[in-house]
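Sharing a structure, written as structure tokens. Questions coming.
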Amino acid sequence: GAAVGRAGPWGPKPPADLPSEAEGDDHFDSGIGSLGELDELTRAGLGVGLGTDPDVCPSNPERVESAIGQITEGLGKVGINGAERELLTYQTEDLDSALHLAIIHQEEQFLDYVLRYTSSCFLDLQNDMKQTALHLAVIVGQPDFVKKLMMAGASLLVQEKDGNTALHLACKERALDCAEALLPPHTPSQLRAHSLLNRSQLEEQLRCYNYNGFTPLHVAVLQNDISIVKHLLGFEVDVNLKEKGGGRTALHLAVEEQNLQVVKLLLESRADIHAQMYNGCTPICLAVYRPDPRITQMLKDFGSAEPVTDEDSDEDEGIDEDGMGEYDDFMMHGY
């Protein structure tokens, strides 16, 4: 079966065969190429895949079609017979399970049916893009599907091929409703509702790094999504975590993006104005070389020291030429 990857706050290293940078939006494709030939099967009802084990994967097309017919006729039934159970182990050549296909086709009735018979250990099965059903629910923009998967016990920490958790993807897609579903209020009733989750997992997703070295907050800042940034800051997120490529905090990234509102939000959330990149640059050092003087002034208002000017030192010029341009390029293409 597909392996389940778990993320840690230290940021797991990417597998050797993965690129160091994401290539466009390829990681959102999700094996949708198989949809045409499987559309009929999906509407009928396929089950959670267990891999390619010949003992559990139906290989006889006639047996598959027969079982499909039985599931189609009995979607409302609670019972499940042997043929249906065999079909519920089916996976496509792209390793999409019934759960994946239900999400891709946005078939809520079928999703409810599959979840009824799906053990929690099957919820995190990954397709050939290493995506779980939860990743796909975010990609297709279905917060209700996200909630149902969470209620069933889906993990928030599984990473797809680029190391993104579902929350990373919600930030990337600017999907506030999905981000709110993945990071709900920490009320006792809310936590009881998510019986298979706990507070630590809900919060640990905020500390997860993708394979390009970004946390969800970094991604939200780079997307200039004020609403999601504000939502993430409402939880116990470490606002001063550094991305792995250049050592920039979210504040550094917001300064580079020249987003005054995000800079203000971060400063009000106690972002460290003295945090240094790997080359020693503080946020105000980046700000003075960029066009919006209001950001430089705001950093000063929050206590940042006036940076050393070119007249006082030639080192700043070296930092600008040798460091900042490099990190600007990384910022533009590194996630």
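Backbone N, Cα and C atoms are what each Cβ position is placed from, and that goes for glycine too.
Pulled the feature table from TrEMBL, pasting it below:
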type	residues	note
COMPBIAS	308-325	compositional bias 'Acidic residues'
REGION	1-31	region 'Disordered'
REGION	302-325	region 'Disordered'
REPEAT	129-161	repeat 'ANK'
REPEAT	212-244	repeat 'ANK'
REPEAT	246-278	repeat 'ANK'
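Could you place the listed features in the three-dimensional structure?
With a threshold of 8 Å between CB atoms, the same-chain residues lying at least 6 positions outside the repeat 'ANK' (212-244) that come near it are 11, 20-22, 162-163, 165, 167-168, 170-172, 174, 176, 179-180, 183, 186, 203, 205-206, 250-251, 253-254, 257, 259, 261-262, 265-266, 269-272, 275, 277, 331, 334-335.
For the repeat 'ANK' (246-278), the model's pLDDT averages out at 98.
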